[in-house]
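Presented below is the structure to which this report refers.
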Number of protein chains: 2
Amino acid sequence: MANPIYLGVVGVGGVGNAFLEQLGKLPNAPQIGLLARSSQSLLAPTPAYSPCIPATNWSDAAATPSLIKASILSPDEIAAYLAAAPGRAILVDNTSDLVLAQAYPVFLKNGVSVVTANKKGFSSDISLWNDIFASANQGNAYVHHQCTVGGTLPVLSTLRDLIATGDEITRIEGVLSGTLSLLLGEFMPAFGTPDVKWSSLVAHAREAGETEPDPRDDLNGLDFARKLTIIARVIGLEISRPDAFPVESLIPTELVSLQFSSEGIAQFMRQLPAYDDRMEIIKEDAREKGKILRYIGSIDVATKTIKVGLQHVEKNSPIANLKGSQIVSIHTKRYSATPLILQGGGGGGEITAMGLMADLLKVIEKLR
Amino acid sequence: MANPIYLGVVGVGGVGNAFLEQLGKLPNAPQIGLLARSSQSLLAPTPAYSPCIPATNWSDAAATPSLIKASILSPDEIAAYLAAAPGRAILVDNTSDLVLAQAYPVFLKNGVSVVTANKKGFSSDISLWNDIFASANQGNAYVHHQCTVGGTLPVLSTLRDLIATGDEITRIEGVLSGTLSLLLGEFMPAFGTPDVKWSSLVAHAREAGETEPDPRDDLNGLDFARKLTIIARVIGLEISRPDAFPVESLIPTELVSLQFSSEGIAQFMRQLPAYDDRMEIIKEDAREKGKILRYIGSIDVATKTIKVGLQHVEKNSPIANLKGSQIVSIHTKRYSATPLILQGGGGGGEITAMGLMADLLKVIEKLR
């Protein structure tokens, strides 16, 4: 009774491997028709798209003799292969690749649904966003990207439910970076007075694997701004690009010209302590006012004001009491007295893969 | 291309009217084939099930001359009418009626999906729960009851996503009563030291419409226990009934024999101040230990320990800082470091109707 469903899984890094592991344990899992990484692709033989690819790690899958081994496939080639499958197909994009994201419209127009945590397709130029959703309509396909924002927190689905049922979002504020949540939470806890220098906290977090390999990718606020862009677009604001609104970088201006290399990272980490006084002054200012310092994104719908940066919050607010969690606080016409709050651990490969899987299960339910 | 969908809407009280109002504003809304309240029913004429019933208030709908007016229909009659519609049908149950809930299996077996905020079907005997979900499978129909717990907070869908993707829930704790959240938040705020007597707070909340008409329906914890029962069952625990675990009532034992009448309510409110000292002692005990008193439900999965009642929490925990909101805190294998937290305003007719509508839209998407 169920239509056969074929997956094209692109990207087998941390998220991709966790996804494949979860897929392997799923009852009635859909078949994998295509598995691709940056240098190589595996395909189930046409025209039957059978035998399919086992849901396991890359090297085990690659050892299956009946599969076709190909070099790198272009997004268009992947889309053509999946669209020709003898059933409905779904692209699972585990990369953060803009080029693949730019091809989503090709997949969707040809009836291939898209499930992804890749923010690029939804936070780049607004024309790509519009093209993606118009193509999904045209191809009668689905695009689910819940975990582009807030890990597995149901942020986007909750916003879509609120809007679909006629509520009006008035204001959203949130902490959309687990790393910045952790750093600010340690730099200025809501209660207690630890006094650790900013640069030491950054160094510690980096050593513990709590930052990106290059911590500047967290500190510049751009990833955070991409997530806020996606939220803003989901609630109907036409944000042209993720740099179309003010984003406060925590990288000292004197250090922005350092190279994006391991030598550049090392120089950055060496020189950061020289700017600790600046962060102390900002913290002292908050303390004098009886407030707590946090790195926050906010959207005020009426004035269309969007910004990302350091802000003062009340000591006993949920945002002040975060310790590494992400949080999104949604104020609406119906939720006017107290906001709707979603809060949780955020990212990590296993958790992101779980969000992808939840999206995948929803698309499968619609396609079957 | 879309299959026609027929709704049977039962119950036109606060939630029902808010639901009909939202339905009237919905683009491409499904047709209403049947609208029923406790004393009367309206039906679109068979066999065409057309013209349908306008999504408006009862008296306007009843004034439509082409509709069939009937007296009270039994659940079986409603199910038979909806199952014979020339398309897929959905029962929207806006009541809190156990008899209607006991008939969900009849609806579902006959292919009629169910969308409801009525807790009775999911929190009564476990045999009804099992029958409901087995019947849904059998009839290829859907049963969505997200807003039986936590208003529009996506509690149940988040739990189902976590489980479907292979995560393991270890512990859940929450405040599932907006009224008790408000009362305890005022009785013992996390910060500041207002000192208002418990009975005054109850009286105030009742006057402000923040309690059920009979405040004992909040204070006895039974509604809370029903919600916790539903959560426990969704995560796979076989809870035979909502009184199968300890539920602490905030009604003084001396007052439990008062009648369930308006005279009984009045007597209860008059006599409650005599027991304020007991609540003061409980509060003082928490204060001495540096903790905050809250009315909490908790599920420990490993030991299968479920309980509802007063507990001590840390001052700067999210639960201590609630002011009338509901909250659910979910600890899992993957969310081991910090729990996933959902927090929000909770109930009210308009918000519950919105939750129903969100569920309805999901069922429609699956049926079309």
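Using N, Cα and C of the backbone, Cβ positions are placed for all residues, glycine too.
With a 10 A radius on its CB, B:GLY16 (NADP(+) binding site) counts 24 other CB atoms from all the protein chains. Here TrEMBL flags B:GLY11, B:VAL12, B:GLY13, B:GLY14, B:VAL15, B:GLY16 as NADP(+) binding site.
Feature annotation from TrEMBL assigns domain 'Aspartate/homoserine dehydrogenase NAD-binding' to B:11-145. The average pLDDT computed over the domain 'Aspartate/homoserine dehydrogenase NAD-binding' (B:11-145) stands at 94.
Cβ neighbours of B:THR95 (NADPH binding site) (same chain, under 8 Å, six or more residues apart in sequence): B:VAL10, B:GLY11, B:GLY13, B:ASN118. What TrEMBL records for B:THR95, B:LYS119 is NADPH binding site.
Taken from TrEMBL, the feature domain 'Homoserine dehydrogenase catalytic' applies to B:154-361.
Per TrEMBL, the feature L-homoserine binding site maps to B:GLU212. The number of other Cβ atoms within 10 Å of the Cβ belonging to B:GLU212 (L-homoserine binding site), over all protein chains shown, comes to 13.
Taken from TrEMBL, the feature active site, proton donor covers B:LYS227. In the three-state DSSP scheme, B:LYS227 (active site, proton donor) falls into the helix class. Non-local neighbourhood of B:LYS227 (active site, proton donor): B:LYS119, B:SER123, B:THR148, B:VAL149, B:GLY150, B:LEU176, B:SER177, B:GLY297, each in the same chain, at least six residues away, with C-beta under 8 Å from its C-beta.
Across the range of the domain 'Aspartate/homoserine dehydrogenase NAD-binding' (B:11-145), the DSSP-based residue counts are 54 helix, 27 strand, 54 coil.
Close to the recorded NADP(+) site, the chain also has B:ASN17, B:ALA18, B:PHE19, B:ASN94, B:THR95, B:GLY349: residues not among B:GLY11, B:VAL12, B:GLY13, B:GLY14, B:VAL15, B:GLY16 whose Cβ is within 8 Å of the site's Cβ mean position.
Counting only residues at least six positions away in the same chain, the Cβ atoms of B:GLY349 sit under 8 Å from the Cβ of B:GLY14 (NADP(+) binding site). Within 10 Å of the C-beta of B:LYS119 (NADPH binding site) we count 21 further C-beta atoms, all protein chains included.
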